[in-house]
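Undergrad: The following block contains the structure, expressed as structure tokens.
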């Protein structure tokens, strides 16, 4: 991966409908995707991530803004003239062609000589481990195999960018895990820039070099998975990725004072009312009355095997979730109604913009 | 398969046969029966006032291809008959191609409408069936004749200086046949396009296919069953068309159907008419076999 930019979206707006009834699927999105990276667009359905992908593919034209590929403006270029290929959510394999013919399609349309088409097709089928299926009709394949054909077909013309539109959503859990590893391997082996769209935060965290979190047609935060998880910029990002406790308080001295009176030692960049975000695994349960600990009551618990999740309530009723590693024999387990103290791991508390 | 399952299977087959027996009986009596009569008549001698005399003769069959030259007393190839056969096949083929060229965009248009309006468009396609074929064909004649709607409009618009002579030409015949058989092409095409996954178009464009290539390499191969069905539904009845060439061709430009009718009417040569009918049947069968074989062969290589 380099810092060289492959795809660049500049102030892209995409509106559907006319006049006042128009819906902005994308609202002033600017984004740089680097060469050779695995970039994920993450967000709930309707957030505009698929629209952005379709704009890059050329299936839609932006209402405003431009899209650059390696510095060249491709905003109005039709899909068949962009060196960009897509793996569709439905796979969209050609039912009248065999597996090998599907993979060869793009190369044939590019007018490559027959020996090259044959060689590349074979190489691609080997890459996705489907050599044995070359002569089969796509309808004779399982979902996972169809997925591989779709991948091989899109990779065969060696595009500059591969777009993947929720390609794993139709697979069962086990197959999905396998394909996640597979996709990552293919991306590393081919060195092609992958732009992956998903609503599954776990998928995004495990596979991506960088993630762009989207909501309501806007890009909320772009960064490495670790940055997104540990330093979410706003409430949406913090709540969409992983579990988070939100606490509102008022900046006071070297911390933020909670309504229950306790002061959380955190470096707040803003005065007045702020929102604190703290992950359940950074909430530590200590003995009640310990100096600086926030008093709380246990209201419930869920056992997850390695972890134990406790639901707690502060004196003013604010709910907090804590995640602790279960003991060997479950010793020290807390029961409902027990009085405890809470501490937050130093440096793990985020002060959010809103 | 266990004996019990085998018994059940046999029982099912038996009841299926019993259920379809009435339909099979009607089909056998109504289709095979007349066909046999026609076949038998083709080997008999013509009666003086039509009908047949029960004397075996190959004259009818000889008349399909040969004329008896009364001056030199020898058989010569019947150019007239061959011309009529050739014309029929040619016009039917052109009609099939034209109905496809007009019918494909129509079917595509209907199949890509919203489900609610689709029913309306299909309804419009079936409207011509409400009127008798004879009346519709006369209506076409009214439109294309020298003082008809078409020529009046063309003259008024200044596109032509003299009325186009369309009546009693092959063009008139083609216009009529395309009009009559168009729904039979549109409906099967619609049925297959309706099941066509439009996302494949995007996949095609994405993989560098031009619009033309998407049409040729993706759409047409996938909707091929509809094209085959539509072509058969148009080509076969076209070949035996009677009313349309009779009215729009003016009896001058005959097709096989009219020629056969002539033998049973004025010609008073029933065996020849019967032999021609059987010949038409053979042509249709051969044409279908060649067509289906070509299509499936192409699929194998495609």
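Every residue gets a Cβ built from N, Cα and C, even glycine.
TrEMBL labels come from automatic prediction, so no person has curated them.
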Undergrad: Scan B:171-191, B:192-212 against TrEMBL and say which stretch is down as transmembrane segment.
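TA: So the range that TrEMBL calls transmembrane segment is B:171-191.
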Undergrad: Which one of these stretches, B:53-75, B:122-144, shows up in TrEMBL as transmembrane segment?
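TA: Feature transmembrane segment in TrEMBL: residues B:122-144.
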Undergrad: For the transmembrane segment (B:171-191), could you work out the same-chain residues 6 or more beyond its ends whose Cβ comes under 8 Å from its Cβ atoms?
TA: 91-92, 94-96, 98-100, 102-104, 106-108, 110-111, 122, 125-126, 128-129, 133, 136-137, 140-141, 144, 223, 226-227, 229-231, 233-234, 237-238, 241, 244-245, 247-249, 253, 255
Undergrad: Looking at B:21-44, B:91-110, B:122-144, B:272-292, which one has the highest count of Cβ pairs under 8 angstroms to the transmembrane segment (B:218-243)?
TA: B:91-110
Undergrad: Taking residues 6+ outside the transmembrane segment (B:272-292), which of them lie with a CB under 8 Å of any CB in it?
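TA: That would be 35, 38-39, 41-42, 46, 59-61, 63-64, 81, 85, 89, 228, 231-232, 235-236, 239-240, 256, 259-264.
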